[in-house]
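Undergrad: Got a structure here, written out as structure tokens. Questions coming.
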Amino acid sequence: MTVAPEADTRPVPEGHVRLTIDGVEVDAPEGELLIRTAERMGIVIPRFCDHPLLDPAGACRQCLVEVEVNGRAMPKPQASCTMTVSSGMVVKTQRTSQVADKAQQGVMELLLINHPLDCPVCDKGGECPLQNQALKHGRSDSRFRDSKRTFAKPVSISSQILLDRERCVLCQRCTRFSKQIAGDPFIELLERGALQQIGIAEQQPFQSYFSGNTIQICPVGALTSADYRFRSRPFDLVSTPGVCEHCSSGCAQRTDWRRGRVMRRLAGEDPEVNEEWNCDKGRFAFHYATATDRFTRPMVRDAATGQLRDSSWTEALRIAADGLMAARDSRGAGVLPGGRLTVEDAYAYSKFARMALGTNDIDHRARAHSTEELDFLASTVVGTGPGDGAVTYADLESAPTVLCAAFEPEEESPIVFLRLRKAARKGHTKVFHLGQWDSPGVEKTVDIVGSGSPIHSGGLLPCPPGGEAEMLQELPAEVDEALCRAGSILVLGERAARVPGLYSAAVRVAERTGARIAWIPRRAGERGAVEAGTLPTLLPGGRPVADAAARADLEQTWGLERGALPVAPGRDVDGILAAAASGELSGLLVGGVDPNDLPDPGLAEQALRSAEFVVSLELRPSAATEHADVVLPIAPTVEKSGTFLNWEGRAREFGSTIERTGAVPDCRVLDTLAVEMDVDLFTQTPAAVSGEIGRLGSYSGRRPQAPRVAAPSPPRPGPGQALLATWRQLLDNGSLQDGEPHLAGTARPPVARLSAGTAGRLGLAEHQPVTVSGPAGALTLASEITEMPDGVVWLPGNSGPSRVNRELGVGHGALVELAAAEAPSTSAGPSTGDNPARPDNPAGAATQLGSSTGPGGGRTDDSRTDGGEG
Amino acid sequence: MTEANAQQGSPASRETAPLTPVLTRRWLSPESWTLSTYEQLEGYTALRTALRADPDQLVELVKSAGLRGRGGAGFPAGVKWGFMPKEPSKPHYLVINADEGEPGTCKDVPLMMADPHSLIEGCIIASYAMRANHCMIYVRGEALHCVRRLHHAVREAYDAGYLGTNVLGSGFDLDIVVHAGAGAYICGEETALLDSLEGKRGQPRLKPPFPAQAGLYSCPTTVNNVETIASVPYIVNGGSDWFRAMGREKSPGPKIYSISGHVENPGQYEAPLGTTLRELLELAGGMKDGIPLKFWTPGGSSTPLFTADHLDVPLDFEGATEAGSMLGTTALMIFNETVSVPWAVMKWTQFYEHESCGKCTPCREGCFWLAQVLERMVDGRGTEEDIDTLLDVCDNILGRSFCALGDGAVSPITSGIKYFREEFLALCDRNEGARGTQDERDDKAGEHGRSQAGDPALAGAAR
Ligand SMILES: Cc1cc2nc3c(=O)[nH]c(=O)nc-3n(C[C@H](O)[C@H](O)[C@H](O)COP(=O)(O)O)c2cc1C
Ligand code: SF4
Ligand code: SF4
Ligand code: SF4
Ligand code: FES
């Protein structure tokens, strides 16, 4: 931008126009909105409906300015949020134009005539654009002497979101966000004139994984959350920037806290990553950290009672160190750090395993996993990042084609979903999904309806579960051609590990088409853990265990003798558990791992029981702590600093938000524990670890070969059988979502999905419960007829009673038995209607907070301890 | 000549222009709405001529005839048609605005009742000219009878081969869909109409893009008024010179003036553009019962009021504008001396308050406020200060709203106060300083905080 006091004589840059705003000449890119150009010059034009990431609406009329085009003054003031710059334009804002100033004051006065005097009790008071701009641009008195329009005070529009229609200025930001960005048009304008209001349809609450964003962009206090409503005033809060700990999207976030307590979380701004959005899980799921059952002191198992008892750190560390050393020296100890660690904490586990326990038996993949995946991570993923050609959000947005295989973006990485939708909405990107059914996330990235003509981009390529690899090798010609276009991307998700041959097929397809591969794991810690080397074949920085030079390099940095590092590749999670269960391993060091997340929860529990010595680093009681000999409490994300690597491999550093709680990060606990074992890890603080990681650098040797695993054909279901398709929903039984019933109320109700053909063969009526059985047992859910391949049943991975790993003992792609169930299932209704969160008639009487927003469906209190780590 | 006019006494009134029945020519024929009557009276002859011409020739013809939109804004129809892309890469649509919601307007519905085939013939010619194979007629929902009649006429036209594939063997295909709205004034605004037609909430769209670029379903679309399109067959048959022989240089052609209110014979009078009220009153039998004229609207309530001083304003687009109002829909609502201006203004304002779509702040909140102030004034609880407030709020709405509804809403108020300020003041005088306290007013307020004004008839009679 150029701002010159006098007429600028330099040529106008290509693609720009030169105009004058408040007497100052400025060059602006063609197509820029006046309000943005002015803003770049430091001229702030008041506004309500304008939002840079939403399509312009021009509804509030607060941003009026005077405009002259081609030397002719336009007869009416113009909305600067809808008018684009043009060459020679002369614009006068409220600063230089009486007309604009009066127009703005007039609109402000009109906005206030029906606005309630709620400021002293309104959540937004103190950070309210209406309040601020009224003070800045409004009149000091009102000429309105008549009666204000009134509405019943807040109505619930979901179990989480409440709407106060009196406060609403009808800017349509919330509706435009929901329609355009999230694709969940479940709130709309209703009625007209002064009775116009935001509302929902009678049978359909505002069910959106992104609903919290509407609260954040609402320019008044009309939208509030049941979780935060009336909890604090903005000016009493301290805001600390941070990073969300839930998924691998890596959202920037802002945590607002007061007197050591987190009051709310908001989306942070990061144009490269989450833009200005986050998902409701990131926004509302933080109460787990202050759950009453959180461990605050170490505990040791009392030999006499067999129960855990509080102990001092000194005692606990001593016992843990002795036990682990004994295990190490006996048949060895394995390490299961879990997938939710920061890079620094993961690095400490990695170093601890190698130096203190002398083993490569370490694997963070507390979920289905495979050797093929391990080879894929080593060959294709580790050591890449946005700086060196790895796929980024921006690449997704500009890709001509994105093919998602075994990946459910909206459920597994919501911000990736938003980017894919944004790309599709622009009309340049075709998004294909290799999956089983047209899930909401699929639909919203391939069929974009909104303003303008509907866009149909890409589509679903249906295949049987487990058949993804086969399908990838025989893509329809249209998709194959689309993938060959430069910049195309192939995305693989978590459940790829359940599909033999899928990574291999993906690598081949990438080689053939030139498409790049993005691996998008579900958990926030997974990508960083790969770099930290919490894997049986990888050391930190992508160094293969098998490479002697890489080991030597590491030995040098770690100050070890030549040959001190274990040489043999370690066991993976399944291997470690099996070995512990059978007595081949003596000890276990366990981080945030929940047996329910593992392919075989029974084996995990047996392993925990059988192992001679178990140390658990945990926040709250879990299956691991139940069997642990020593429990060492660690800090939740909000009480520590560190770095997550998001799926792009982008470092997401954060400082500690709530300090001096006495809680310490895993790396510090491990450091002290190692000292007790006469080993120096030098991982006292995340900063120290981060420094060491920097000095260590990454592996520069030859990458291991990509996997070449053949894709077997999926088995053919016989009569009464089906292939199981399953993945986790964003909001489910995960223990990090504990303590927020309003959030849980917006979860998608668990249902079993099958095709009309499959249902017909079972004699299953619409919504009739169906029983699905596997080797470990059976579960029963209401059924929902869905367009999908015959002979397939879909279950949510860990929602309500549908805890697939535990109840069935098999996962995605496995054969299961189906039967129509007699009794209606108690815990799940059909996906529409029946939601306990369904609010009262929006036009009806006020709904009181407590009564309307009780615990939502899909989760019961007892899911706390066995709900899965998430 | 009525007493009212006699009192104003104008020599010009002797040379009144006669009626020019063009669009209304068949209205009095027996069963005028049937295809057979239509065909007997030159119906569908223009279509045959048109289908032999090049589409662009037709656009040129309408341009040179100078036909201006009859929906209110008077935009030249030929120019508008010329905005449509020449090469159809997407489907083209012609949409007929038959929403006729402007208070006082009563020309499109009678036309469609009496002579639906003239509209249909116009639709076919216009669609052909704009390379559209789909035409929608969006009819005001309340006009149920009219919707039925159109449906019937469209069916007749299909059966006779005027619609459907290969119209009259020309190779041109056209389907017409008659769509009933749900009764919202704003759905007469062309972009709100398009949203409504798409099944969405009827609220005006941001422009650009204009309908010719991205209209119905984001495809090139032209929206025209019923009367505009019904004029087209006559232009095709009569030629542009014939058309221009009527009316005035910049506003050529005949126009249906719908006259309502205190006249002896209210109804539709088709006369050349530029005809004056004095002339029209003569055609309508003069003021009812001879009670003198007090005020009138030249083109519906959205056009600023005129008074008896404006009897000789030529009612064409330029003439009405120069005299400080607008031609609008040529809906002449005539009020005699028994009517209170503040009361009438209040009623109109209540209409706008009710019909404001709610999208933009000035119109939504402003109309709500204005209506309350006027109700209070008419109820004898106004102050002089309220008059200033009314005018200033109007100033904050006019030209600040998203669409023209807001502009229209302030017309009766600003013009009413301009010409009849003393009537508003007189109402304030009745207030006797006993302005109710806020508490009293709150007591009267209902769920939506609105107190109803006193009996309007009394308010009117109080004059
Ligand atoms: C609030 C509002 C209501 C309108 N109602 C109508 C209507 O009922 N019928 C109509 O033809 N035009 C109406 N218009 C004008 C249309 O927007 C549009 O200008 C017209 O249909 C164009 O047709 P024409 O060029 O043939 O006049 C309305 C405009 C506004 C702002
Ligand atoms: S609820 Fe908030 S965001 Fe939505 S329209 Fe009202 S003021 Fe705007
Ligand atoms: S998308 Fe992922 S990182 Fe972002 S807020 Fe949601 S859970 Fe957190
Ligand atoms: S002026 Fe605004 S509120 Fe009024 S009808 Fe038009 S868009 Fe709707
Ligand atoms: S900010 Fe421009 S109209 Fe609302």
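Just so it is clear, glycine is given a Cβ too, placed from its N, Cα and C backbone atoms.
The compositional bias 'Low complexity' annotation in TrEMBL covers A:701-711. Residues or ranges marked as compositional bias 'Polar residues' in TrEMBL: A:824-834. What TrEMBL lists as compositional bias 'Basic and acidic residues' is A:859-870. Feature annotation from TrEMBL assigns domain '2Fe-2S ferredoxin-type' to A:15-97. According to TrEMBL, the domain '4Fe-4S His(Cys)3-ligated-type' annotation covers A:99-138. Residues or ranges marked as domain '4Fe-4S Mo/W bis-MGD-type' by TrEMBL: A:237-293. Among the features that TrEMBL reports, region 'Disordered' is placed at A:694-719, A:821-870.
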Undergrad: Near the domain '4Fe-4S His(Cys)3-ligated-type' (A:99-138), which residues from the same chain, at least 6 beyond its ends, have a CB less than 8 A from one of its CBs?
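TA: Residues 46, 48, 60-66, 77, 92-93, 144, 148-150, 164, 166-167, 169, 194, 218-221, 224, 228-230, 233-235.
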Undergrad: Would you mind splitting the region 'Disordered' (A:694-719) into helix, strand and coil residue counts from DSSP?
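TA: The counts are 3 helix, 0 strand, 23 coil.
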Undergrad: For the domain '4Fe-4S His(Cys)3-ligated-type' (A:99-138), jot down how many residues DSSP puts in helix, in strand and in coil.
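TA: Grouping H, G, I as helix and E, B as strand yields 27 helix, 0 strand, 13 coil.
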Undergrad: Between 0 and 100, where does the mean pLDDT of the domain '2Fe-2S ferredoxin-type' (A:15-97) sit?
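TA: Looking only at the domain '2Fe-2S ferredoxin-type' (A:15-97), pLDDT averages out to 97.
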Undergrad: Can you break down the domain '4Fe-4S Mo/W bis-MGD-type' (A:237-293) into helix, strand and coil residue counts using DSSP?
TA: 9 helix, 23 strand, 25 coil
Undergrad: Kindly report the helix/strand/coil residue split of the domain '2Fe-2S ferredoxin-type' (A:15-97) according to DSSP, in that order.
TA: 7 helix, 27 strand, 49 coil
